[in-house]
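Right, one structure below, let's go through it.
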Amino acid sequence: MRYSAVVLGMLAAGASAGAAMAQEAADAVAPEGAAATVAAEFSDISPEVAAALQAKAAGTPVQADNWMVAAANPHAVAAGAKVLKAGGTAADAMVAVQSVLGLVEPQSSGLGGGAFLVWYDAKTGEVTTLDGRETAPLAATPRLFQDENGEPMKFFDAVVGGRSVGTPGTPALMEAAHRRWGQANWPSLFEDAIALADGGFSVSPRLAGLIERDADRLSRWPETAAYFLPGGTPLAEGATLTNPAYGDTLRHIARDGAQGFYTGPVAEAITSAVRGAEGNPGLLSAMDLALYQVKERPAVCVTYRAFEACGMGPPSSGALTVGQILGMLGNYDLAALGADNPEAWRLIGDASRLAFADRGRYMADSDFVPMPTKGLVAQDYLADRANLLSGDDALPEVAPGNPAFDHALNFADDESIEFPSTSHISIVDQYGNVLSMTTTIENGFGSRVMAAGFLLNNELTDFSFRTHRDGVPIANRLEPGKRPRSSMAPTIVLKDGKPALAVGSPGGSRIIGYVAKTIVAWADWGMDVQQAVGLPHLVNRFGTYDLEAGTEATALEQPLSEMGFEVNTRDLTSGLHVIEIGEGLKGAADPRREGIALGG
Ligand code: GLY
């Protein structure tokens, strides 16, 4: 199954049909890639960027010998490429990429958000992870998102304003990665972002479309409204946008490190915006910011065929859920079935449902709640779960399993809502280090509250709004200092202990399906990375099988319905950025968004 040339053209030109839930629909139907427009903007200044855009539009991977970077915006990729070309490491390049993304793709990630980073270290051969997830303010209580009767608030009533803002982790993660693995001069890594913030950049088609669709919410906060809707009018595609406040914030960080963000004027601007958000103030304090810490955690690795997929463990559900899906599928011969076979998608869909059942019951911040982390991906447990898939039809019911607990505690099923925003960065440097990082402010435009030139996250709404069910506590309930459960799944796939693939995507809890499917397409169906990224999506989380509108995936609607799945055709706007590491490097950027891969 492939995108036809027509569909690829449609994606590149921004045509997209269908609608779904409020913000998710806005995210999905916004003008996409607009490769031609963006190529025109870049062709004068950067032939490499224009060539990368052409490769993407043609559906071919970008190839290189030494280094590569793939991310969601050509400006950000160009900044990372400059660092890599000059001999910087993947950690150095990430700082440059993230600094620019926070400016040119502000709706998805930035200084006001959090991120998870997976790192393959060429010197040691080890994979490790950094957790830069936001934390709940110390003053927050488990009932933060409940009304006076203990009922959950409406989602967007909780999101928009200061209440949903957790302590940002991304600036601390940038510094931690640079300290561990960087070698470039720290201030130099902000030069491109500062130049773009001061000198201006062209508003992308996707950003303009999203601003227009979210204008009501963006209008609620004066600093946000003035930036995104100057004079009350949404910024148009191609408008030149400057952000001197963002430039100043970067100058603080360039001079003082993360300290320049977590203390002093930037920190004061953050707490005052959060606490002063009229109608829905939050609890974030100077103490929360000053105490924030990045945590290095062991990677969660699961064997799949001849590979090991390594990713981010708790507080992300990403690696465990992707790992469960792959671990179950490893018991079936997907290669023999092929990508067009409904039977392959029955297995993928129900493996995913089983994994999501465990996710809802067991996965949360394991610094706060006991979790069966090892048990969830134990081979014998996954083989037992895989046996449930041995029939011919969709499972009539799906329930969590009973993985071995390191220490026992029972939890009730989770209830949390996630909408897709977020961004993914994949980088390989000339020394052989590999970085896979997914970065977010949660909802598109996060809390909509802006401070010091950037948007603040609404990550706290990734907690379950309910704390208990029938008197049994929910693992992902909010607690002071806790990190909300995430679906972000930055992944590095190893073969014989060596890196073979860096992959990740935005997409809320659909991230898990996007990443698992891309690995299957590449590992089982022999697709190159651009084909695997472009393969139409079929995603099943909680029972409904979502098929990507306008693609050949819809041909599976009838057979999957006949198997007993509830099928729903809709837009599925992933943002996969993938690099294959083999004889050389091959990079792919998702045709559904504006990113590119660039190498040298
Ligand atoms: N807020 C998106 C995620 O962490 O999964």
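In case you wondered, yes, glycine gets a Cβ from its N, Cα and C as well.
Automatic, uncurated: that is what TrEMBL annotation is.
Summarising the annotation, TrEMBL assigns signal peptide to 1-22.
Per TrEMBL, L-glutamate binding site is recorded for ARG133, ASP462, SER486, SER487, GLY508.
For THR422 (active site, nucleophile), the same-chain residues lying six or more positions away in sequence with a CB closer than 8 A to its CB are SER108, SER109, THR438, THR439, THR440, GLU442, MET488, PRO506, GLY507, GLY508, ILE511, GLY575. Annotation source TrEMBL lists active site, nucleophile at THR422.
DSSP classifies SER487 (L-glutamate binding site) as coil under the three-state reduction. Ligand 1 lies under 6 Å from the Cβ of ASP462, SER486, SER487, out of the binding-site residues ARG133, ASP462, SER486, SER487. For the binding-site residues shown (ARG133, ASP462, SER487, GLY508), fewest C-beta neighbours within 10 angstroms: GLY508. Of all Cβ atoms in the shown protein chains, 30 besides its own fall within 10 Å of the Cβ of SER486 (L-glutamate binding site).
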